[in-house]
Every structure is written in structure tokens, then in C-alpha cells.
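Novice: Feature annotation from Swiss-Prot assigns domain 'ABC transporter' to 3-245; the stated evidence is sequence analysis. The ATP binding site annotation in Swiss-Prot covers Gly40, His41, Thr42, Gly43, Ser44, Gly45, Lys46, Ser47.
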Amino acid sequence: MGIEFKNVSYTYQAGTPFEGRALFDVNLKIEDASYTAFIGHTGSGKSTIMQLLNGLHIPTKGEVIVDDFSIKAGDKNKEIKFIRQKVGLVFQFPESQLFEETVLKDVAFGPQNFGISQIEAERLAEEKLRLVGISEDLFDKNPFELSGGQMRRVAIAGILAMEPKVLVLDEPTAGLDPKGRKELMTLFKNLHKKGMTIVLVTHLMDDVADYADYVYVLEAGKVTLSGQPKQIFQEVELLESKQLGVPKITKFAQRLSHKGLNLPSLPITINEFVEAIKHG
């Protein structure tokens, strides 16, 4: 399910003394079954784009096309409910959205809200809980009795239970230890392998290099750079001038190249670096 922004602008609290422009004539495409990353500082427009993808915001100007459905300024139609079902949005610290008395009920709530029967919603909930690594003995527990990592998995299972075609992730591993971070990123990688479109908002450039196949760089509400991660991370000085940085291995390789190591291009993953050394 592809997504396209056509000349999209967004203004918060338009027509009030507090209005602020968040996006300026943004044009971009997110291809079906792609893994697209957005990087940029706070205030660059990343969160606004996330909420436009899901129909939580309506463009002030321009058009957001999700599959065959379009959202334009002033739209208040039934298509937005369809879009919210098909584009799952996982906010930073999604465990803060848990509220039901049991894990199973919490995950089943979303599908039921979209008209799925209780029996089918619970079946979906059980399936998605297993998918994210929550064992059956936890299904009837209060979600607030779980560890932080388990709570986050339950919250993500709640999004997956609505069977979205696109999963939008806002700093999904924030606050997790390295093991928990790796497990969660592997889960998203496996979902992508099964055909789900993944949209990742992150400040971790190593994750962009390891998982994404396309990157948008945002600054002050505009797309300033876009391309494949390999292409984007060759622009070390440009990214550092924006205080965004590059993957650790890319910076290390750049230092070696300045000391005389001959590299055809800067590697962006450890595997690439190893191959470059072997054949260098």
C-alpha cells in the first residue's frame, strides 16, 4: 500500500495568535512494502508527517494519498477511518496508552473498535501477542504488572491486531536496553520481510543503515535530502553540519580513509566494512 504527499503543508492552530507552520510544500513517496526512515531534529516536522500518514492531522494545503484514498484540506469523511485502520501508528512510549484490566482485553480493544466481533478480536489478539513474544500465561495479567519491555510489546500487539498494511514507528526502542532494542527491531524487520510497509522515525543512524531502504532528511518543515541510506550517509560533513551524524562504522571508516585507507565508498554497516577491508 503506497503513500504519497503532494505539496503538503500543515499549520498548527491556524487562524489563532498561536499558529505555527510545521510543514512547507512537502512532496514525498513511501513505496508499498518499503522500509522508509525519517530523520531530523525536534521541530523538523517528523511527528507532523507521522500524524498526517494516519489521518490524525488533515493537511492545511495539498493532498495525502494512502492507497486509493485521498485526504485533503477540509476533509471530514469516512475514508479517514479506513486509513487509521490500515496505517498503524506506534507513538514513542506506546505503553502509556495501555488501559484495560487484562493484556488480552487491551490488545482486542482496537479490532473491536473497528467492528470485529469479540471472538475474532480475541483470536487476533492472541495471535499478535505471540508474534511479539508475549507468552500465554501473561494474557490474563494486568498489563501494568508487566515489565517496561513487555508493556511496550503489548502496546505494539494492540496496533498489529488491527492488521495494518503500514506500521509507523516513532522512536520505537526509546528507553529499552540493548537486548530489548535488538529484539524489537528484529520483530519489525521480520514484519517487513512479510510485506508490511514500515515507516521509522529515529535519531539512531545505525538503525537507519541496518534496516531502512530509503531515507528522508527533514529540516524546519521541509525535505532537504532523500535517497537510499548508502547514498545519504556518504554526505558525512553535510549531516554533521545539521547535527544529525552518521552510523558509527561510517565515521570510523572516514577516519581511516583520512589516514590513507583506500575505500571506494564509505561503508554504512559492519558487514560492508568487513567486505571493504577484505577487498581493499
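The backbone N, Cα and C atoms fix where each Cβ goes, glycine too.
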Novice: Using the Cβ center of Gly40, His41, Thr42, Gly43, Ser44, Gly45, Lys46, Ser47 as the ATP site position, which other residues in that chain lie within 8 Å, going by their Cβ?
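Specialist: Near the ATP site, beyond Gly40, His41, Thr42, Gly43, Ser44, Gly45, Lys46, Ser47, sit Leu218.
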Novice: Counting other Cβ atoms within 10 Å, pick out the least crowded of the binding-site residues Gly40, Gly43, Gly45.
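Specialist: Across Gly40, Gly43, Gly45, these binding-site residues, the one with fewest Cβ atoms within 10 Å is Gly43.
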Novice: For the domain 'ABC transporter' (3-245), what is the mean per-residue pLDDT, to the nearest integer?
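Specialist: Its mean pLDDT is 94.
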Novice: If you draw a 10 Å sphere on the Cβ of Ser47 (ATP binding site), how many other Cβ atoms land inside?
Specialist: 17
Novice: How many other Cβ atoms sit within 10 Å of the Cβ of Lys46 (ATP binding site)?
Specialist: 21
Novice: On a count of neighbouring CB atoms within 10 A, which of the binding-site residues Thr42, Ser44 is highest?
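Specialist: Of the binding-site residues Thr42, Ser44, the highest Cβ count within 10 Å belongs to Ser44.
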Novice: Check His41 (ATP binding site) against DSSP and tell me helix, strand or coil, would you?
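Specialist: DSSP call for His41 (ATP binding site): coil, neither helix nor strand.
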